[in-house]
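J.: There's a structure below that I have some questions on.
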């Protein structure tokens, strides 16, 4: 919009402690979530005639970390196009020049709930396996673009009442680092893999550990490894899964290895005891077979040593998951990331600001030319789920509240209720 941008295109509304200055096309703003990265409102898009989520990035230029994350999120959202990853519908700023530039608004699909609201419900095998399949498809698509998430958790995965699932964000930047001995919990890290906790190198199946933790929580209705900090979480991991082998210990940095080797030794608990038959659905002989398959999948995902952990492709072909396999979803063409140095870029804050401003202006220019002024197919409709049975086509009744909030489990509006129909 640059020079043609006028104050008359925008209006301001107070949302909690923040002022949203948005395009007039977005009406009926209602706060639905907040976190370290921003505040999210549900709104009605009067141009497209659909409900959307409007996210205001919180102080994107307060430091280099925030600025880099904002740039990374914007670039990736513009490039990624997959039914199991949230769609970006619009990007704008009310400021007219680079010098004034302070606020970034992202407009995305509006979903019905995040996984926190579904994960403790009584899900049958059909629903559970379909949700996991979609997670794996979304993860594989990110991996195909060289994006390894490393921070998957229920609060950044969203669902609709028809059981469709989407990943909200793109996780930790490759340059993000952690200090095993010193890092406290700033956000939920119950789902982070041992190699992230221990400061090791990692590969794509780092995200499989997170899926395993999420699946375990679906089954147990409680967090599997609820550590107070990284050290406490590591202790909870080895208490349940057992102390890893000497071969694994050799892969650790000396200071970390010294700590880990001096912990008490644990034999681990059998998966049949961690996940006994009675906690799974068991209404039929078929359920009993699926229970055995589900437990086998858990045992292959929740493996401390990443070299022995199942891969994303292997998980998609596992008997518990493969019933849903569709090449169009699981083998979708990779997104073309146009910034090859995205993960490695380091800039001063003002340089990040200019890069982000250029991305916003690029979007606005393309929108004026008609490139981006239509909703994505995923935003207004979704392909029927593979099953035609009513049990999977309805995670209903969904709350009438909606969500698109990712940073913390507590970010959801308290009025957003569980999905009653799945109980």
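Cβ atoms here come from the backbone N, Cα and C positions, even for glycine.
This is the feature table in Swiss-Prot:
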- 26-321: domain 'Protein kinase' (DOMAIN)
- 33, 34, 35, 36, 37, 38, 55: ATP binding site (BINDING)
- 151: active site, proton acceptor (ACT_SITE)
- 183: phosphothreonine (MOD_RES)
- 185: phosphotyrosine (MOD_RES)
- 366-375: compositional bias 'Basic and acidic residues' (COMPBIAS)
- 366-423: region 'Disordered' (REGION)
- 387-416: compositional bias 'Low complexity' (COMPBIAS)
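In terms of burial and nearby residues, how do these features look in this structure?
T.: Under the DSSP three-state reduction, residue 151 (active site, proton acceptor) is assigned to coil, being neither helix nor strand.
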J.: What Cα-Cα separation, expressed in whole Å, is found between residue 55 (ATP binding site) and residue 151 (active site, proton acceptor)?
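T.: Cα-Cα distance, residue 55 (ATP binding site) to residue 151 (active site, proton acceptor): 20 Å.
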J.: List the Cα distance (Å, whole number) between residue 151 (active site, proton acceptor) and residue 33 (ATP binding site).
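T.: About 19 Å separate the Cα atoms of these two residues.
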J.: Measure from the Cβ of residue 55 (ATP binding site) and count the other Cβ atoms within 10 Å, all protein chains considered.
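T.: Here the count is 25.
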